[in-house]
Amino acid sequence: MGLLKGLLRARNLLLVVFVPLVLLPLPMLYPSSEAACAYVLIVTAVYWVSEAVPLGAAALVPAFLYPFFGVLRSSEVAAEYFKNTTLLLVGVICVAAAVEKWNLHKRIALRMVIMAGAKPGMLLLCFMCCTTLLSMWLSNTSTTAMVMPIVEAVLQELVSAEEEQLVAGNSSAEEAEPISTEKPLVLTPGPRNRDLNRKYKSQHDQMICKCLSLSISYAATIGGLTTIIGTSTSLIFLEHFNNQYPAAEVVNFGTWFLFSFPISLIMLVVSWFWMHWLFLGCNFKETCSLSKKKKTKREELSEKRIQEEYEKLGAISYPEMVTGFFFILMTVLWFTREPGFVPGWDSFFEKKGYRTDATVSVFLGFLLFLIPAKKPCFGKKNNGENQQPSLGTEPIITWKDFQKTMPWEIVILVGGGYALASGSKSSGLSTWIGHQMLSLSSLPPWAVTLLACILVSIVTEFVSNPATITIFLPILCSLSETLHINPLYTLIPVTMCISFAVMLPVGNPPNAIVFSYGHCQIKDMVKAGLVVNVIGLVIVMVAINTWGISLFHLDTYPAWAKVSNITDQA
């Protein structure tokens, strides 16, 4: 028994050691580039799926195994680990760090809650809209971590306001005072906040807590779909697509947004209806009323507390205004670089194709390190503020702020995916895989895409999203080329469906964060998440077969895919 426990504790080490040894006959018995590349791909995939080592560490496996087996030179592998999307991510993280540092996200969230009021239905819609908006520009994990403490504070007020009202009416002022002044507003997320969260006054309160908590995770996922920089999966897709098809100037920030924004909007509305029906019932008139006459005492108390929390932020500060301006400016420059229907600002330059979305984000991110966080006072006296000259020299963000926010593990993980894809292409493995899938040629293109979407939707519930897309992208590219389907017809829906890992706490970090607050159980997540997953799959399939066809010209097999196929065979 003791030996078994020891083996279980050492299972990660055993996986790391024995998986490469067990698979070693593959390149030894079949000494070819394809077999060697397949060996590296399988070993890396097993490490990713099992998480025997950190994802970023597993992504380094191609960096030393490819040169060992002669698949790629060391310098060629190293070049795959830092690409254009890495610079794009660096610039975006600079803005995200400024947003977090100066609490701009908190101001936006509380302002929207004040506008919505304390009616459960409107509160649900408000938090979902707010989370979706933030998740368009920040990572899903960061957005969930930012919004959940605010949600928890609101839930705490909703659940406790009725008790406070009774205490205030039946007790002396001295007894009631600690409840109104000393009660903490924000709970620290932890795996066992269970004792406090189980003290619901009614089943209705419990349903509200479950509904609002789960909706944050779903809204973060929906928001991440909307922009090409919203999730790591879309960034991995973009860089892989640009590497695989360098002649295809089809996918950029603008075209992705035009395709995905209607999807996100429809998903947001339908998911709101589903969550409301599941947890709050069908009485939309009562839960969504904006009339002040219909507000209960507890709702009025909750709104008062939220208003007090917002007032603590004070007037909007100079760093918040600068951050908000850069946030909007970055979005506008991304949209107007190559809008497609009219010439963008990139056409003003003599040399075309030199500037990308990364150029904009890095430039604006660089400026945030230079602009002082203190509003300049030209010729004005600061009434003693000049006694602290360091305040005037501190920039909007420092390098430490950037380092705290920058997801370096994702950067290495993305680089490992590029390295695997490059090795698969140069060794001929991707072409071989494509030929093995000729049996699917009898199926219509929409059926091939649907099967791929269903497959990745299942796999991604148990495997991390970046690992899933990194494994499937080279396979789907080969499949599309072999069947003469526009690669985007398969790649875009699959990229989106990989984000729908919403049924289990292990599916993605936002799920784990929400689950840690203790309001919902796994069965709640499975019941609600399964329908959200199906909703997303249906909407994505409808989108790719309607406006996606005209936007990306999916009804033809493009010349840039033919060129790539010829290059692979050569």
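Cβ atoms here come from the backbone N, Cα and C positions, even for glycine.
Remember, TrEMBL labels are computer predictions, not curated facts.
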Quick test of your reading of TrEMBL: among 354-371, 408-425, where does it put transmembrane segment? 354-371
Within the same chain, the residues 6 or more beyond the ends of the transmembrane segment (488-507) and with Cβ under 8 Å of it are 217-218, 221, 224-225, 231, 233-234, 237, 241, 250-251, 259-260, 263, 445, 448-449, 452-453, 456-457, 460-462, 465, 468-469, 472-473, 476-477, 479-480, 515, 522, 525-526, 529-530, 532-533, 536-537, 540-541, 544, 548, 552, 554
Seg_contact(the transmembrane segment (45-69), the transmembrane segment (446-476)) with at least 3 CB pairs under 8 angstroms, min sep 6: yes
Beyond a gap of at least 6 residues from its ends, the CB atoms lying under 8 Å from the transmembrane segment (81-99) belong to 63, 105, 137-139, 142, 229, 235-236, 238-239, 242-243, 319, 322-323, 326-327, 330, 356-358, 360-366, 368-369, 396-397, 401-402, 404-407, 410-412, 414-416, 418-419
Chain residues in Cβ proximity to the transmembrane segment (256-275) (below 8 Å; excluding those fewer than six residues from its ends, i.e. six or more beyond): 124-125, 128-129, 132, 211, 214-215, 218-219, 222-223, 225-228, 234, 335, 492, 496, 528, 531-532, 535-536, 539-540, 543, 547-548, 551-552
